[in-house]
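Novice: Structure below; questions to follow.
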Amino acid sequence: MLVFLVPLVIGLVMEPVVGTAEVMSHVTAHFGKALQECREESGLSPEILEEFQHFWSEDFEVVHRELGCAIICMSNKFSLLQEDTRMHHVNMHDYVKSFPNGQVLSEKLVQLIHNCEKQYDSITDDCERVVKVAACFKVDAKKEGIAPEVAMIEAVMEKY
């Protein structure tokens, strides 16, 4: 669902982290292409839509319920959710692995999202739960040092 994804733990060398952040930039850029299609369906205002494009920026707060609805819509475009709007682990692995060097990010990303899903599992409103999971994922990805820089995402946008 929240393909604002995360890869491997910081390795002994810094290069694996840079590599996984680079993979994350590809995943984020590709996943983000569905945002415009999902804007109306999720009730996302043009202002929030504009902000959402800066998901990984320090000053972007993942709090609006409509963002959760948009993430659900976007995830469904790539078959990343089960019917209960929880992450489809196999499809998420496959999706991330479809990007250059995606195998270095896949397992960690799924693990981080799943851990965040467990924390908010009791929230019955799907959009509200998903936005909380996305916020949790963003924090954890940054802690792991694998969140992409906005410039990295912009650099790969034209590929998608």
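Every residue gets a Cβ built from N, Cα and C, even glycine.
Values in this document were obtained by computation on a predicted structure and should not be read as measured data.
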Novice: Cys136 has a disulfide partner in TrEMBL; which of Cys73, Cys116 is it?
Specialist: Cys116
Novice: The disulfide recorded in TrEMBL for Cys127 goes to which of Cys38, Cys69?
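Specialist: Among Cys38, Cys69, the record in TrEMBL lists Cys69 as the disulfide partner of Cys127.
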Novice: Rounded to the nearest Å, what's the C-alpha distance separating Cys127 (disulfide bond) and Cys73 (disulfide bond)? Just drop the number here, would you?
Specialist: 10
Novice: Please work out which residue of Cys69, Cys73, Cys116, Cys127 has the most C-beta neighbours within 10 angstroms of its C-beta, and give that one of the disulfide-bonded residues.
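Specialist: Highest number of other Cβ atoms within 10 Å: Cys116.
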Novice: Specify the secondary structure state of Cys38 (disulfide bond) as given by DSSP, simplified to three classes.
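Specialist: It is helical.
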